[in-house]
Amino acid sequence: MNHQFSPAALAAQIQSVGVDIEGVNLSYGSNHVLKDVNLAIKPGEFFAFLGPSGCGKTTLLRLIAGFNTAQRGEVRIGGRDISVLPPHRRDVGMVFQSYALWPHMTVRRNVAFGLEERRVPRAEIERRVDAALDLVGLRHLADRRPSQLSGGQQQRVALARTIVIEPKVLLLDEPLSNLDAKLRVQMRQELLSLQRKLGLTTIFVTHDQEEANTICDRIAVMEDGKVQQVGTPQDLYDHPANLFVAGFLGTANVLDGAVRDDGAGRRVFVGSGVTPVALPPSAGADAAGKLMFRPQNLIIRPDGGPPAPGHARLTGTIRHREFLGASIRYAVDVGGQLVQVDAPHQAGDALLAPDAPIVLDLAADKARLLRP
Amino acid sequence: MTSLALTRDRIARVRPGPALAALLIAAFLLLFLVVPVVQVIFVAFQDKTTGAFTLVNFADFFRNDLFMRSFANSFYVSAMSVVVASLLALPLAYLTMRFEFRGAVLIQSLGIIPLIMPPFIGAVAMQLLFGRNGSVNLLLRDHFGVSIPFMEGLNGVIFVQSIHYFPFILINLSASLKNIDRAMEESAQNLGCHGFRLFRRIVFPLAMPGYVAGASLVFIKVFDDLGTPLLLNVNDMLAPQAYLRISSIGIADPMGYVISVVLIACSLLALWVSALAMRGKDYATVQRGGGGLAKRRLKPLELVAAYAVVLLILVLVLAPHVGLGLLSFATIWSFSPVPDAFTLKHYQTVFTESGQYITNTLLYASLAALLDVVIGTAIAYLVLRTKLPGRQWLDYIAMAALAVPGVVLGIGYLRSFYGVPMPFTGQPLSNFWLILVFALAIRRLPYALRACTAALQQVSSSLEEAAENLGATKLRTVGRIVVPLMSGGILAGFVTSFATAAVELSATIMLVHSQSDAPLAYGLYVYMQSAAGRGPGAALGVFAVVIVGLGTYLSHVVIERGRRERGQDH
Amino acid sequence: MLRTTRTLRNAAAALAVLLLSGTAAFAEDPSGKLVIVTSFPKDMTTAFQQAFQKANPKVTVEILNRNTNAGVKYLQETASNNGTDLFWASAPDAFEVLKGAGLLQPYKPQVKGIPDIVGAYPVNDPGGFYAGFAASGYGIMWNTRYMKANNLPIPKEWADLAKPVYYDHVAISAPSRSGTTHLTIETILQGEGWEKGWRTNKELAGNYRTITERSFGVPDGVNSGAFGIGIVIDFFALSSQASGFPVEFAYPTITTIVPANVAVVKNAPNKAAAEGFVDFLLSPKGQEVLLEPAIRRLPVNPVTYEKAPAGYPNPFKDTSLGAQVSFDVNLSQARYNVVDALFDQLVTFQLDDLKAATQAIHKADAALAKKPNDKAKALLGEARDLVAAMPVTAEQAADPQLAGAFTVERKSATDAVPERQAQVEQKWAAFAKENYAAARRKADEAAALVR
């Protein structure tokens, strides 16, 4: 109760709690929107629900806020089941994609709203509102109406309005999607530093993997109402569990082929246009498989000499190229399948011509076998 | 502590608030609408001699040439009234909403005044101005030897009804136009669309929900309206046929009630069709307090033309009131373009005799309108924002009031409440003036309900979710977010209900039981039954129009100010 | 302030009603309030109200204005818990309905010297259920400016109104809506006989511009000049004249003078005051009020005419007024609803067709006058007969079986079920429509022959 009203003190008030989602299923009629979702979000974590539109990520977020009801499963915050609580008693702060600022109230009244609903004394409300507005740097605009603010400012007001109530969890529904590119980059850093400062468990919904990668501790990649994989950005990028995750997190090269025993008890991947690629022993033999690797995992071998140790050899024809500045991306036809190759670029380097044959080396330990 | 919390959790999950509100409203509608109406119309399904259930009366209805002719006439008149009313409303709404137009608020307010056409006098004034021997035709005949049959037969009904009810289209269409996001229009301009094509292809389709809402109201009102055809002595339409039969002395004929049932059925059908036509066309295009159409500046020549059009329409639609004004100052006005002389004596008469009527009217109409917007907001909220089973029925039943002729409701009230004595006084409950307020509220509820529903549809639900998310209960959210954001629509609903309730006669006439409790419309009726009463009656009518008109104008000012404060006018 | 307290009190009472509805009522306070349901205009009721209250300062008169039909409906619907003391209106038939429904209380007025008969009509109900207090006669009212502008001659008799020159200039109210119009129609029927009477009525109707729903619609239209000539009850015309409108009025030779009536309502809460009012109406003081310019009705107390202005019609002296027809009240009652329904179906709702036929007949007639032709004359006669033809005879009209189609009264469930009203009406309407179309064809044919 002994509140201090500086931004730092605001942070000190917040106790980080975890969010556990267990066996959640949700349908609208015959439309099964969430299928057996299980997630454990750690206290203080910056967590993202990432996926294409329609994957169920917003539905899941609204479920946590209490705007949807799951047919099965439960949501626990700080260990307490909140599935039966109405939205206003959940203490989870949500920033809406449209910000949902009330047009009939000033910025100050918007931010004060949650505190007023909590019957906080008037003087304390004013101080806490000031602190929250300071935190987002908008105290000088406190008496404006939302419609008189720019998009970025509206965003910050929405944020201030949410954190001023010191929620247990902060929910962000595509908060950056209505901002221009430059502002988006700036805001995501601000969001991150604010979250770190407050230590507030935060769930961030986005369809932009770059956004998720840059600010989130961990990401749940969702598709078709299911969680496909949970992990740190690096984890997901380097070790995608399936083709969807691989493709959603970055450019992925995929070669069709099969896993064979090379006769010496080792597993290898065989496909057209590529020499057998050594696989970890755990891969089961005699099955179809797909080999996934990133464009930067390939090395161009203009000399055409034998592959380096631990590398497989790909041969193909350049179909087209894109000049990206720091690198050049070639699309190469390898045995009838297109493969992207990134070559670092230095001033004065010559570009390879389309339709020229090309020889590539692939480090076997960078490639990943995915089952179809 | 834990168990207490758990109980509260359970209560929270059941959400008794909306269910309770729904039950209260359902009880109100049942008691003051369904029961009285059923009390009256069940006769339609009764065999006259045996009292057994029968449909033979309906067979008679469809076999009867007169009724079929009346049916066709009612349909024709309603459809034509929609067309004419649209022609009047479209330019006013489009010009004032879409362009920078000085006096737009004034024009909008004046455009609503025709709704406040006091009974009897409106038609008298129209006859004096546009009748076969009215001012216009007398002048035309004197100078050009021609006359225009404005008021002959069905023409007269269409003419008077379009002028009377066109504000329904004006109000709804204006609200829709105001709520179209400017980007919609700008993107069309960007793609090369302009001028009338822009209006036809983008602006009008986006404003369609408002237009259809208004047009269906006009259709239904004209279809059900009794006063105008009766006063113009057009009998072969459905509503007058029903009335003539229900109110004939000594005749017990079920056909009047059969026609009432047919009227109710047709109105419900019209509502259903308009709902069907609008399904999936909920264009809530404005977000985050964004602005409506960007107002454009007209070129000087266009401006002159626009003002000419607006002026012409205003002169036409305000003609009954001009006539009313002349009548209230006239000594004698008979077979001449203007009255013989002018006097203030009618106002003097009204001042000394009729103060009570005015205070009663203000009390009844404002109570009724208040009740309407409270119930209207509640129903709109229950329907749009909750998942209560059967919530749509509240809407349907409340809207069905639109289809109930005032006489039927009046008789139903007498039947239902006359036998119930009031506590303390022993007077019949139907004599209690609050019953009159309920009758007015029920009759005007559909207008308020539509206004509230439209207003709530414009409030993005994320605005409410944000409030709940920040700790406001549903009720608090309604109080602090929903109602303030709906205030424009609620006020519009209040004004419509108030304005029309203030001059309502058909249910009133059955329920007024003492002069001291009588409203203005009753006073008008009494005045207009004698030759000497025409002047004072008109003066009383002028009072009605001025009071209600001022109220309308003030609320417009309030709405506009609120909009400006919210920065929604860009 | 007073208003506020009352409002609050009423609001509290309303709350109580909502909570306690159905609980026993408290005893009613005795009061000096006299509640009168009336169809008379304000000018008249206010004059009597003031005069009566002056004579009886303890009584407060409360006037409830309803048109006659609504008044009857109101009394019927509220009979279970009656709060009305007096019913005060013109049309005797409305009183007959109330009497039939057992809603009236007999009272013998104390005033002496009232004749039994005015014109040809009995002043009082034989059973004493209602009493006449003023007489009125039907006549022709016209707007002088309208007549001048349209060059119309002044009509004197009903038959004049059937002349082609008045085509589309005359108005009347529907007999089913106005008791007094009904009496006018019935008077013509009794005076000329069923067939001839209907012929006259329809020939008049062929010239109607409109048939109004309210009685007052006719004088109102004449006053404003919407139409030139109206068939109205005298006081409408006389009071309009008194208000300054450019209108005049005349009684035709065949007219009926009918009393306007007053009756005490059964279970009247304030019976003593109600009976006092009836006596006041008939007293010389009350009767004099009738002479006021805005009221202008004929007193039933002959002595009052001494105080009347010069030229005031006096049915007790001027025997031509209403005495031409001896009015059979029983016959009128027996076919009351049938006559109304016939007029509605044959005239009111077929007015356009009837007018078209009439116009064709007028045209043919005019042509024939210039160029006589026997065949055309015969055709025209047929056309006239077609217009005049009636679907029912006088005997059928008075048959209770037919009248039963219009009422709910029945002796027992096994009674023969008469035809339903809607069936009967459909038959009549079809009959009229067909005949009017045929008449029009024949008249056109006749006109073609002499062209």
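Our numbering is plain: 1 for the first residue shown, then up by one each step along the chain.
Glycine residues also receive a Cβ, built from the backbone N, Cα and C atoms like all the rest.
Taken verbatim from TrEMBL:
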- B:71-270: domain 'ABC transmembrane type-1' (DOMAIN)
- B:358-555: domain 'ABC transmembrane type-1' (DOMAIN)
- B:20-45: transmembrane segment (TRANSMEM)
- B:75-97: transmembrane segment (TRANSMEM)
- B:109-130: transmembrane segment (TRANSMEM)
- B:158-177: transmembrane segment (TRANSMEM)
- B:198-220: transmembrane segment (TRANSMEM)
- B:257-278: transmembrane segment (TRANSMEM)
- B:304-335: transmembrane segment (TRANSMEM)
- B:362-384: transmembrane segment (TRANSMEM)
- B:396-418: transmembrane segment (TRANSMEM)
- B:424-442: transmembrane segment (TRANSMEM)
- B:481-503: transmembrane segment (TRANSMEM)
- B:538-559: transmembrane segment (TRANSMEM)
Remote residues contacting the transmembrane segment (B:362-384) - C-beta distance under 8 A, at least 6 residues beyond either end: 18, 21-22, 25, 28, 391-392, 394-395, 398, 433-434, 436-438, 440-441, 444-445, 447-449, 451-453, 455-457, 478, 482-483, 486, 490, 493-495, 497-499, 501-502, 519, 547
In contact by Cβ distance (the transmembrane segment (B:538-559), the transmembrane segment (B:75-97); 3 or more pairs under 8 Å): no
Contact call for the transmembrane segment (B:257-278) against the transmembrane segment (B:396-418), three or more Cβ pairs under 8 Å: yes
Residue numbers, six or more beyond the limits of the transmembrane segment (B:304-335), whose CB comes under 8 Å of its CB atoms: 88, 91-92, 95-96, 99, 101, 107, 110-111, 113-114, 117-118, 121-122, 124-126, 128-130, 133, 138, 160, 163-164, 166, 298, 341-344, 346-347, 534-535, 538-539, 541-542, 545
Long-range Cβ neighbours of the transmembrane segment (B:198-220) (under 8 Å; 6 or more residues past either end): 78-79, 81-82, 85-86, 89, 94, 98, 161-162, 165-166, 168-177, 180, 184-185, 188-189, 267, 270-271, 273-274, 277-278, 281-283, 285, 293, 402-403, 446-447, 450, 454
Stretch contact, the transmembrane segment (B:20-45) with the transmembrane segment (B:396-418), Cβ-Cβ under 8 Å, 3+ pairs: yes
